[in-house]
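Engineer: According to Swiss-Prot, the protein carries these features:
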{"type": "DISULFID", "residues": "Cys32-Cys82", "note": "disulfide bond"}
{"type": "DISULFID", "residues": "Cys36-Cys59", "note": "disulfide bond"}
{"type": "DISULFID", "residues": "Cys45-Cys64", "note": "disulfide bond"}
{"type": "DISULFID", "residues": "Cys49-Cys66", "note": "disulfide bond"}
{"type": "DOMAIN", "residues": "22-83", "note": "domain 'LCN-type CS-alpha/beta'"}
{"type": "SIGNAL", "residues": "1-20", "note": "signal peptide"}
Amino acid sequence: MAGEWACLLVSLVLLWGAAGSRDGFLLDRNFCRIKCSFLGSNSMCADRCTVLGASAGHCNNYACFCTDLRDRVKIWGDSVRCRKP
């Protein structure tokens, strides 16, 4: 019985860890990608991603892209550049 509970607990932790983070572009309030267009944008993007709990961040296609973001952060993962609310 204890072995079954331990196995179940490990499975839940692994599933939570896999579902708890993802990669994507940061969005502003209008669901537009946060732009990287100024000198120093790459380091600002990396800093912003780190503050949000991501493992890394960099400018990609002129937008701020974070890796291993938490689910609570709103991101957009495909090629759409801006969506109106």
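Yeah, the Cβs are placed from backbone N, Cα and C, and that goes for glycine too.
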Engineer: Taking the Cα of Cys66 (disulfide bond) as the centre, which of the disulfide-bonded residues listed as Cys32, Cys36, Cys45, Cys59 lie within 10 Å of it?
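Structural biologist: Within 10 Å Cα-Cα: Cys45, Cys59.
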Engineer: Round to the nearest Å and give the CA-to-CA distance linking Cys49 (disulfide bond) with Cys32 (disulfide bond).
Structural biologist: 16
Engineer: Is Cys45 (disulfide bond) helix, strand or coil when read with DSSP?
Structural biologist: helix
Engineer: Per DSSP, Cys32 (disulfide bond) is which: helix, strand or coil?
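Structural biologist: Going by the DSSP assignment, Cys32 (disulfide bond) falls within a strand, counted as strand.
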Engineer: Of the disulfide-bonded residues Cys45, Cys59, Cys64, which one has its Cα closest to the Cα of Cys32 (disulfide bond)?
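Structural biologist: So, of the listed disulfide-bonded residues, the one sitting closest to Cys32 (disulfide bond) is Cys64.
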Engineer: Quick one: give me the count of other CB atoms within 10 A of the CB of Cys36 (disulfide bond).
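Structural biologist: For Cys36 (disulfide bond), the count of other Cβ atoms within 10 Å is 20.
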Engineer: Sorted by position, what residues of the same chain at least six away from Cys45 (disulfide bond) have a C-beta under 8 A from it?
Structural biologist: Leu26, Ile34, Cys36, Gly57, His58, Cys59, Cys64, Phe65, Cys66
Engineer: According to DSSP, collapsed to three classes, what secondary structure does Cys64 (disulfide bond) have?
Structural biologist: strand
Engineer: Would you mind splitting the domain 'LCN-type CS-alpha/beta' (22-83) into helix, strand and coil residue counts from DSSP?
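Structural biologist: Reading the DSSP string over the domain 'LCN-type CS-alpha/beta' (22-83) gives 11 helix, 25 strand, 26 coil.
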